Amino acid sequence: MIAIQAPQTYLNRDGVIRSVGEYAAPYANTVLIITSPQAWKTTSDAVEHSFREYDLRYQVEFLPGDCTKPAIEALTAQARAFNAELILGIGGGRVLDVAKAVGDILGQIPVIVVPTIAATCAAWSPISVIYSDSGAHNGPFPLTRLPVWVLVDSEIIARSPSRYLKAGIVDALAKWYEFQPYLRHGDSGLALALKAQAARLAVETFNTHGEQAIADNEQGLVTPALRSVIDAVIALAGLANSMKDEVPRIGVAHAIHNGMTRQPELHDWLHGEKVGFGLAVQAFLEHDNDADREELFAQLRRYGSPMTLNALGLSERPQLVESIAPNVKIAPKIAARLPFATDAESIERALWRTQTLETRVIDSHAA
């Protein structure tokens, strides 16, 4: 069995936010807009002007925090009360995940999403990620229907802080490094092979255009390099997530990220930044020598990912470090498909081994 879920149409076009009414009008007269204060500040003039052009009625609702079950339920109730015929999500991953979930719960109501940052593949992903009220990862909400349009406006993303794009690149890079252990351990499923090919193309895009895209983002410039990298973060990483079969798998770095969300002290770190640290931990679980880890570490350094406990502010807080490993949940049937141990003791050792990277950086600077 293989299943592939994808949005109906993905479009990356400069200035597309100014035409959003054109894309909504064929589906609806009434639109519930789910957004954040910052995203709405950036896009409201263009959206309202376009909606007036097409005589669309709309109601704006702000997501107050994370993508939680209560938030989804409250916004679903708002959509019903407004008799919304379409859900429009404008913002980052949390906003888009809520918009997708609300549309899914309401059944036949279409969803359009407009990412205002390129920090994850949430705009494309076939799941919404649910968090608790305290910010802890609570698991995926599998979607039965994906957006009818993913509208990517590189002009908007070019004006966002480059920290988001760096985190998005690392989150997308993670797919490649997370698929490799399964492939090396003999997993020959077609879905995994396709996922790996999409992830590999993303890695090649970042190797070619990543640093230039960051530089362009920091200057607010829309360039071919930036567009290519945005597409890799959202579409290629999203596509890699869209293919599945009956074989259970989990990305180890993402599992480590999920365990880290249980620590309020780490909530200021972006998703991709925590995943980047998770990749560093995975490298110590997976490889016995520095040479096998160095290519990954070079990628993480390139995009400013935290790689050590010290970088996260945890090196002097052993109790917090010790509490992360038991919260990294990898089911036994998945762990059996990996060529390295993922028990709590092994993970805790790998967490502490990241500190050796501090010494290595100091030594290289001294040299």
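The backbone N, Cα and C atoms fix where each Cβ goes, glycine too.
For the glycerol site, TrEMBL gives Asp171, His254; the one candidate out of His185, His267, His271 that the record lists there too is His271.
Listed by TrEMBL as binding NAD(+) are Gly93, Arg94, Val95, Leu96, Asp97, Ser125; the candidate from Tyr58, Tyr131 that the record includes in that site is Tyr131. Same-chain residues with CB within 8 A of the center of the Asp171, His254, His271 CB atoms, the glycerol site residues themselves not counted, are Thr120, Val170, Ala174, Ala253, His257, Gly272, Lys274, Val275, Gly278.
Across the fold, the C-alpha of Tyr131 (NAD(+) binding site) and the C-alpha of His271 (glycerol binding site) stand 12 Å from each other.
Taking the Cβ of Tyr131 (NAD(+) binding site) as centre and 10 Å as the limit, one finds 21 other Cβ atoms among all the protein chains shown. Note on proximity: among Asp171, His254, His271, the binding-site residues of the record, the Cα nearest Asp97 (NAD(+) binding site) is that of His271. For the binding site of NAD(+), formed by Gly93, Arg94, Val95, Leu96, Asp97, Ser125, Tyr131 according to the record, the largest Cα to Cα distance is 16 Å, rounded to a whole number.
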